[in-house]
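The domain 'Glutamine amidotransferase type-2' annotation in TrEMBL covers 2-191. TrEMBL lists C2 with the feature active site, for GATase activity. The L-glutamine binding site annotation in TrEMBL covers D97. Among the features that TrEMBL reports, ATP binding site is placed at L257, I289, S364, G365. Under the heading site 'Important for beta-aspartyl-AMP intermediate formation', TrEMBL lists E366.
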Amino acid sequence: MCGIWALFGSDECLSVQCLSAMKIAHRGPDAFRFENVNGFTNCCFGFHRLAVVDQLYGMQPIRVKKFPYLWLCYNGEIYNFKQLQKQFGFDYQTLVDGEVILHLYNRGGIEQTASMLDGVFAFILLDTANRKVFLARDTYGVRPLFKVLTDDGFLGVCSEAKGLINLKHSTSLCSKVEPFLPGHYEVLDLKPSGKVASVELVKFHSCKDEPLHVACDTVEALPSAGFDLETVKSNIRILFENAVRKRLMAHRRIGCLLSGGLDSSLVAAVLLKLMKEININYPLQTFAIGMENSPDLLAARKVAAHIGSEHHEVILNTEEGIQAIGEVIFALETYDITTIRASIGMYLVSKYIRKKTDSVVIFSGEGSDELTQGYIYFHKAPSPEEAAEESERLLKELYLFDVLRADRTTAAHGLELRVPFLDHRFTSYYLSLPAELRIPKNGIEKYLLRLSFEDSNLLPKEILWRPKEAFSDGIASVKKSWFSILQDYIDQQVDDLLLEKAAEKYPFNPPKTKESYYYRQIFEKHYSGRSSWLPHYWMPRWVKATDPSARTLKHYKSATQE
């Protein structure tokens, strides 16, 4: 994890512009570099480093003697860089996994480069010999990337939008800052003036398609094909374990978020098992956050005891959570209701990890709910086919919601997040299964995933079959949800008259509740006029929901009242 920033064709003094690069310093607390591009005095790169691999030669932009005309700034981890080296005979000059991007590009161009990378990434690649700039982002947007391109060819690129919104340009303040789409690469021509012109934006991978890099995976071919239940269960276990194993690549201490729900518990259990197998000589630290005796704390305690991790609990108090709202919204760059609710706990547990421990590479369970149909409202899906379509829609929008939350809350404290449920190979296999196999069964969501690990003894049965609990609710008591606590506080902060006129003040995505109005006010203070970053609020489908919390849904209420 790190922060990348680049400008091409700046009319303003670069020493002034580079102050914007400091807005993302939290993403790389270990080192910073600002470098001009030879021959282009108005082009430059900025890089904030979190040193996870190759402590000596890991600074960026990466340049190697073999390709003196290539400049690379990237944020991410490429898990198959050694397999690609073996397959194509690449001669690496550093231990940095991202160096493979230079070799792939030299060998086969940008299309092959983006398609062959097994990992999470956002990168800026400059080819001065051919006067090209390339931008690319991984399939699910696990690593963030924003850009601004003016009509006269000034380009700014950054890991977070906050590093671009205050850039100066001769024609105007740069206003059209927008997220770069996941699963895409863009080709731009670099003019002698340092300005650029976009040539094409190409989608190189869809979540349903088996990735091209399967040939370079540690599990080359699954032992058996077909959709009989035992084969499917076995393949799910093999691919999930493989997804965790490849993410063990790190020179810094590994930890794991543990809410006590199915997803984080499975990640923690498999992670600890594999760490023992490769003789990592320190205990796995797991981290839970919640109010005293909250469902998440109690469940996480059981899991930690079962797997034998070094467990840490962060007790959340109401005042601390409420006080964090402003800084959380600034970090997130969104005003989405459920994203903010869920981010407060994750932000505070990340703050604890950074201050109190030496764990830096943090595993988490994001992506499972979208992939395996884990949200409560999937029980109301009209058909398996519609449930499958909804699952794909959620995966495509992860970069706006859960993946955004997970990245920003951890990156704000200089931690690197790893999410094995979003492994390209694992997700494409799961999505290839018949729709009927993937729906909730017997009143239980994620039924297939749970069933696949039932005989593994990785987790206690009551955890493996624990019903879905939204993170923003699980951290509070059963009697009073976290969202209710937030609403009670915010009711006193927002006047009724303000809410009545909300649609006039905020015509795009107008707030419908005092809570959403409160969040929007804070967002606009930091990111005025940029409400289009959120196309729509996250809300459940197929139910008449006025609030995104699972605790407002009928299925949840009946399950907890039994």
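Using N, Cα and C of the backbone, Cβ positions are placed for all residues, glycine too.
Just so you know, TrEMBL annotations are computer predictions that nobody has curated.
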Report the largest Cα to Cα distance, in Å and rounded to a whole number, among the residues L257, I289, S364, G365 that the record lists as binding ATP.
-> 15
Which one is it: of the recorded positions C2, D97, E366, whose Cα lies the shortest distance from the Cα of I289 (ATP binding site)?
-> E366
Across all the protein chains here, work out how many other Cβ atoms are within 10 Å of the Cβ of E366 (site 'Important for beta-aspartyl-AMP intermediate formation').
-> 29
Measuring Cα to Cα, tell me the gap between D97 (L-glutamine binding site) and S364 (ATP binding site) in whole angstrom.
-> 21
As a whole number of Å, the Cα atom of S364 (ATP binding site) is distant from the Cα atom of the residue listed as 'active site, for GATase activity' by 18
Do me a favour and check the Cα-Cα span between C2 (active site, for GATase activity) and G365 (ATP binding site); whole Å is fine.
-> 21
Spatial separation of L257 (ATP binding site) from E366 (site 'Important for beta-aspartyl-AMP intermediate formation') - C-alpha basis, Å = 10
If you skip the near sequence neighbours and keep only those at least six away, which residues in the chain come within under 8 angstroms of L257 (ATP binding site), Cβ to Cβ?
-> S264, T286, F287, A288, M346, V349, I362, F363, S364, G365
Across the binding-site residues (I289, S364), the Cβ with the fewest other Cβ atoms inside 10 Å is that of S364
What is the Cβ neighbour count of G365 (ATP binding site) at a 10 Å cut-off, with all protein chains included?
-> 25
Which of C2, D97 (the recorded positions) has the most other Cβ atoms within 10 Å?
-> C2
